[in-house]
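I have placed the structure first, in the form of structure tokens, so that the comments after it can refer back to it.
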Amino acid sequence: MILCSARAWDSPLWWCLLALLRLSLAGFQTSYLHPDEFHQSLQVRARDLLQIEGQKPWEFTSASPIRSIAFSGIVSLPYSVLRSLNPYTVYYFDWTLLTPQMLLLTPRLLMTFLSFIADWCIYRIARMCYVRPWQCMEVFASSYVMLVYGTRTLSNTFELILTCVVLWRVSVSIVESTKVIRRETLIDDMYQSAEEMKHKVRLVRLRSSLPPYNYVDSFILSVVVTYGVFVRPTFLVYSFIPMAYWLQRGIVTKELGFKYFNLRILSLLPGIILTFLICVLADSFYYESLTAKELVFGNVTASSFIVTPLNFYAYNAKTENVVSHGEHPHFLHMLVNLPLLHGVLAFVGLYHMSLFVSRVFGTGSIARKPKVYSLATMLMLSFIVPVMILSAVPHQEARFLLPTLPPLVLLHSDKVSLHNFFKLRFSKHFLFLMWHSWNIFCVVFFGFLHQGGVTNAVIGVHEYIQSKPHNFDKPIHVYFSHMYTPPTFLLMRKIEVVASTSEGRKFRVPRTIYSHHLSGSTNSSQLSSLLHAQLLNSTHVYNSMPDAGDNMTAEVIICLPGSVATDFLDHVRQDVVGTNRQGGLRRTKADCSAQAGCSCSDYETSGTCSGDETGSMMAANGSKGLRLELISRQPLHVSFEHLPSSYLRVTPDCDQICAARRKIHEFSMETYRVTFREEMK
């Protein structure tokens, strides 16, 4: 399965191209995979390092925090660099580094460069196993898991990298130990059969010259495993099988005594204790449960130390806590999430796993049974055992299985690769096409379309606010609806703003930007009422100020998917029609057609003029008016929760081309400026 008699022609060309593609995708992807991509790392550290306002998730603010600074501290290193270099670039080049684009791009580039550690580990393991190393690298690098997830600031991606490191060092230890143990056994046999003393002396010297193998890599493995548990406590599941094989080398086969098992465990303790203390102290200082002064003078108790993995296990030990994040059937990982991540390679892995089980427990001869303690078996168990353990947990997400990619690639990369395109083999060509077709589709969808307009919409709101003249007395409320929790740190709101007068006096500026995230269950009527209430309240506040002008206009910004925006604008338009019947404002077809490049049918559907990006709608309701002005439309936004219908609404005023254009607009993220003016009678 994993061993080959000879190495065929192998070229690094395809891997180099895929590596360049991964670097390029790190800068151009627009999708939003999961809220943890930002809220478990970047948003938290942007607040800590750059004093940018952003709400910390409950994992960091509860009395027993369950997230360590071990991961977010690494992935946010570019923020420290940007903070240090920014004064110099502003002074010498009048160019600031602290922009939303830089805060988004630099951590992704760091994660992309770190992901190449996983590629290196795959290459080293493949060379030891006598498989085509560049073939494994090509399959590994062509997976959308590396092209998309490998460029994102998810702790699951870091877990995958650490898994590759553990597999690499354990594989080296197994291969080298096997060689040395066999030589030791041979030398011992020769020593027993030797008759002359000089031959025995020579054999003793030869045995003492053999390289050590019992405790090699014990420190590296103990550090990586302990650190990985602080990054993601589930890393203990992925490192269990490799570490078990590392501990049992030569012992189960009775080539070594059982005492070496205990000695190897003891050799792991220094690295475990050192890494554990460093991570615990870092978390305790970060969460301010411990200070350096208290530590120096010994004024500490057990509650002074924060052990986030223990808090994580204690939290998830309660079923009601896990279910609150979503309850899934136990077969979801095996039947849905694995194929979703690995495509046809998942089915190949599960098929060969079933063959392995049938051979182990079958009735065939012992000589035909697979070797349980081989490197191939270790890789297979490293794939299937974590999946089975995590399947017992009620809450299951596909990203939890990212570390299953390395063993699958090392075992079955030859099944989905082609080295001779002209030698027709249906099964090989079919699997090859299925593998690459699935990954191309997933790169496009998960790399660009999935929640693709969220981050660009937040950046667009920041640029819109920056383009407006500063008015410290007029706060702006920004609403985000029917989307993943937005990364509000990209709004670049400072926690504390200090301004200066013309005389040089400094004063603290109050908060002027407020962000709100609405649930996906908010309907158009509720959204309209909420905006009415917010604008009415803001208008009364502004007009009550001593220096306020007459009828000072408040404004609210709303970001929502195009499919939801269509329903919302239809609801507003119905308010317009209802008000027109009561003698309110009326938008006639002549008024609509008067706008250059705007058809009335377009206006009636979207609420904005397709030829004018600043088109607006006035909805009158008694003495109050609601005006929506389109600020920006971010294309390529797809959300499973709010997919537009496939029906094209063709009317006498709108042909199929017009209806298709409207449908395309529904696959976007739209940002509107909503204003409200109270008519003074």
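Each position is counted from 1, following the chain as shown.
Just so it is clear, glycine is given a Cβ too, placed from its N, Cα and C backbone atoms.
According to TrEMBL, the protein has these features:
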{"type": "SIGNAL", "residues": "1-26", "note": "signal peptide"}
{"type": "TRANSMEM", "residues": "102-122", "note": "transmembrane segment"}
{"type": "TRANSMEM", "residues": "215-241", "note": "transmembrane segment"}
{"type": "TRANSMEM", "residues": "261-283", "note": "transmembrane segment"}
{"type": "TRANSMEM", "residues": "295-315", "note": "transmembrane segment"}
{"type": "TRANSMEM", "residues": "330-351", "note": "transmembrane segment"}
{"type": "TRANSMEM", "residues": "372-394", "note": "transmembrane segment"}
{"type": "TRANSMEM", "residues": "430-449", "note": "transmembrane segment"}
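At the 8 Å Cβ threshold, with sequence separation of at least 6, the transmembrane segment (372-394) lacks contact with the transmembrane segment (295-315), having fewer than 3 such pairs. Sequence-distant contacts of the transmembrane segment (430-449) (same chain, six or more residues past either end, CB-CB distance under 8 Å): 25, 29-31, 33, 139, 142-144, 147-148, 343-345, 348, 415-418, 636-638.
Below 8 angstroms of C-beta separation, residues 64-68, 229-230, 233, 280-281, 283-284, 287, 289, 321 of the same chain, each at least six residues beyond the ends of the transmembrane segment (295-315), sit close to that stretch.
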